[in-house]
Each structure stands twice: as C-alpha cells, then as structure tokens.
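Noted in Swiss-Prot for the protein shown:
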SITE      ARG15  site 'Transition state stabilizer'
SITE      LYS24  site 'Transition state stabilizer'
SITE      ARG165  site 'Positions MEP for the nucleophilic attack'
SITE      LYS223  site 'Positions MEP for the nucleophilic attack'
Amino acid sequence: MSSVAIIAASGVGKRMNLRNGLSKQFLEIGGYPVIYHTLAAFQRASSIDKIYIATKPDSIATLETLAEEHQFSKINAIIAGGKERQDSISNCIELIALHIEKAEIDRPDTILVHDGARPFITPDEIDQIAQLSHHYGACVPATKPKDTIKYISDQPGFFGETLDRSLLLQVQTPQGFASEKLVEAHRKAREAESYATDDAALVEKFFPDQKIKVFEMGYHNIKITTPEDIFLGEAIYAQLQQQS
C-alpha cells in the first residue's frame, strides 16, 4: 500500500491575533515550530511515501529550509495555496496528478489530507488511518464532544434544541481516502464551483454511497487556533515526550 500526504499550511491565524503576517504554523511549541512537529510525524509514518505542502507564497522558502535542515526527505513539493483551504488541497491534487502522469511518482492507493496546525498526530495514528482508508475507501478521525451542543434559536440571543451528544463526533484530520475518490471529488467540486468545510464533506456530496470509517481519537490531536492553544499544546507536547 502506498500513500501520499497533503498538508494544508496556508492559514494566517486570524484568531491568533498575529501581527506582520506571521503564520500560526511557525509559532513554537517545545522549542520547534508547530509545522515541524506535523511534518516530523508524517516523515516517520511508514505508510507515507510522499508529502505535498500548500502554504502561503512567502512561507515557501522558510519551509524549504526547514525541510532541508531536518532531512524531511519525503517532502516532494511545497507550493502556494489557494484562496480557500479547498483550493489549496486542489492545487496539491493537480500537482500529484501531473507527477503521476510524468511517472515521477507512483499512483498512490490513498491520499491523506492534514491540517498543518495539528502538530500532535502520531506516526502510528497516521499509519492506522492510511490502512483503514485503503480498506474502506475513506477514514476520518474524530473525538466525542465533551460539552453539550445546542442549536441557535430563530430568536437572536436564545438557544433552541439540545442535540443528542451520543450521536455527535468532532471531526479532525488527517482524513484519508482512496486516491481516485478524492481526486474525482475535487474535480467535480471545481466544475460545480462547490465548496465544503472539509474533504469528507466533498466525498459525501459526490459519492453518497461511500461510507466513511470512523477512527476514534484521543483529545491530543488539537488544532492550534487561538492563543490559549499554545499553552495547551505545550502541556500535550510534554506529556507525549514522557510517553515516548
């Protein structure tokens, strides 16, 4: 089985209140940039053959230097992302297709799409998701919500119905898919000018018969989004270091 990873690392970190265009992926946890931890996990995952990264144009050189310094040999391309996250993933998919056509890489069985700002995914979890994606055609990691979730009422400032928490999961990444399904879903989305919140939603829309396997995760695989996440991330990093 062969797998390719796409890392979405174009986020500008608006909720981080960062200045001077700094990307949240370059904030440090444990003395290393967030994106370093992410890439290190995929570099060590035995299921991953190649890594493609979509980032801001002014971050490409920084990531190229990072890859060289830490010998992230699986990184095959670092390219400019698009206007939306989905556009960034599509850019990578088109490049992967071109590399396959030119026989520069073998056609992967699965493609995994991951948020660059989720630094605590482990190589073993990546490998398990890749295997399940290959077996079922699609696999998405998720956690059970800790908090009660409610609809917002039609009347501003008031709650509506309370959702049954036992029927809900909070979706994460990496999301894995049979490569032909993900490529075709993005092609159809481009043609229809259709956008979705994540790749699983695209596959659900264009391949409604494709069931998506749940990979239940722990609560360590957080996305660095707000300033508080840095402090939480330091604690998670310390715990993972003790376990390794």
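From the backbone N, Cα and C atoms, a Cβ is placed for every residue, glycine too.
A map of Swiss-Prot features onto the structure.
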residue	record	Cβ neighbours (10 Å)
LYS24	site 'Transition state stabilizer'	25
ARG165	site 'Positions MEP for the nucleophilic attack'	13
LYS223	site 'Positions MEP for the nucleophilic attack'	18
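Mapped onto three states, the DSSP output places ARG165 (site 'Positions MEP for the nucleophilic attack') in helix. LYS223 (site 'Positions MEP for the nucleophilic attack') and ARG165 (site 'Positions MEP for the nucleophilic attack') have their C-alpha atoms 21 Å apart, to the nearest angstrom. Following the DSSP three-state reduction, the secondary structure of LYS24 (site 'Transition state stabilizer') is helix. Calculated from their C-alpha atoms, the gap between LYS24 (site 'Transition state stabilizer') and ARG165 (site 'Positions MEP for the nucleophilic attack') amounts to 31 Å.
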